[in-house]
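Student: Please read through the structure below; I'll follow up with questions.
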């Protein structure tokens, strides 16, 4: 007999109005969806309440330093060994993994795309992932990939976990219901969510539009954490209390289901007779979370000059080299521009880091035209980039009174590794062939005579 029961903390049926979250970043949480399901005083009782099984999910080696040691104890209806059977090969040909050196004819250059097309076929979130760039090597847990996603169907009886890295999901069009082993998150545009490496989940659509679209950073390296604030001090940027981790929720469903796995760049599928989202209680610090980008508290120049964009870092995945990120997640949120005698947009730049950008909402101040919500750009290491001719002339001649840059939200996945373009991205019909022309209007002003020109 098919029976589906979705219960959240407190035994309530999980609806949007009853979803609850626990605040904090990296906390050691505890939560149960049935009273008494969580053991007290120990992790692995001889027998667990409700007939549950105890299982540990480790996100770091056992001997990692305490500050970076991550694990959670899960109390579930069946142990995970019952959530996989014999695997078969599966294929998601547009989801690529580093190292990926696709053959295509597009030469090196600065690149920009309009939004990827809406699908004509029925696609789930898993089927709708399209890789734009890859960097590093997933097998050695180094680097990242930048993906776009577009879908129109729910993952009803399909579940997925990614052994290659954690997934930072950035919705641009359409809200998501993200049902993970450890709870449920509703995530809308201008919010993000993170699903840890190895964690089972499925994604459902919420709302009535025709298509759901967004971006994903697949981080192969050390997990995302909050960047150090340095002399900024103890406050501002992304504050820990604004990160929300879901309370326990489980799906009690006895029906044929499929579990999909990504492992070292290959995909596999196995069939089971029940939902694997069966964690009734858990405690620990290896957990998913969501974050509202509108709660980011930006800092900036309050007298002159334009600071480095690192001041807008929300999350960073570090490497062994201090201050050098495997990947940074950076946003460009609404903010006041008040600098005197200053060119206020981002300056022209060549960078050892490689920058993938997307636009969630509004306009980006360095390029008011051509870079549209749902679009993407790629400026690889040491390739020059900066404001287009229109933005330069406007900012260079503007009256420098305080101006609020509002109704905008751009972001960047920035990595120390070169981002290799996939064949899909190189041949995408929305690639802007005329992107480089946006700088054509930047004429020579120098004539050898002193003075402002």
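Just so it is clear, glycine is given a Cβ too, placed from its N, Cα and C backbone atoms.
Okay, so Swiss-Prot annotates it like this:
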- 306: active site, proton acceptor (ACT_SITE)
- 349, 355, 385: Fe cation binding site (BINDING)
- 364, 385: homogentisate binding site (BINDING)
Student: Does anything in the same chain, at least 6 positions from residue 385 (Fe cation binding site), have a Cβ under 8 Å from its Cβ, and if so what?
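Tutor: The list for residue 385 (Fe cation binding site) reads 110, 348, 349, 350, 355, 379, given in order along the sequence.
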Student: For Fe cation, what surrounds 349, 355, 385 with a Cβ no more than 8 Å from their Cβ centroid?
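Tutor: Filtered neighbour residues, in order: 346, 350, 351, 379, 383, 384, 386.
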Student: Using the alpha carbons only, what distance in Å do you get between residue 364 (homogentisate binding site) and residue 306 (active site, proton acceptor) once rounded?
Tutor: 16
Student: Residue 364 (homogentisate binding site) has how many other Cβ neighbours within 10 Å of its own Cβ?
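Tutor: I get 26 for this one.
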Student: How would DSSP class residue 355 (Fe cation binding site) in three states?
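Tutor: It is in a strand.
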Student: So how many other Cβ atoms are close to residue 349 (Fe cation binding site), meaning within 10 Å of its Cβ?
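Tutor: Around the Cβ of residue 349 (Fe cation binding site), 14 other Cβ atoms lie within 10 Å.
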Student: What number of additional C-beta atoms lies within 10 angstroms of the C-beta atom of residue 306 (active site, proton acceptor)?
Tutor: 15
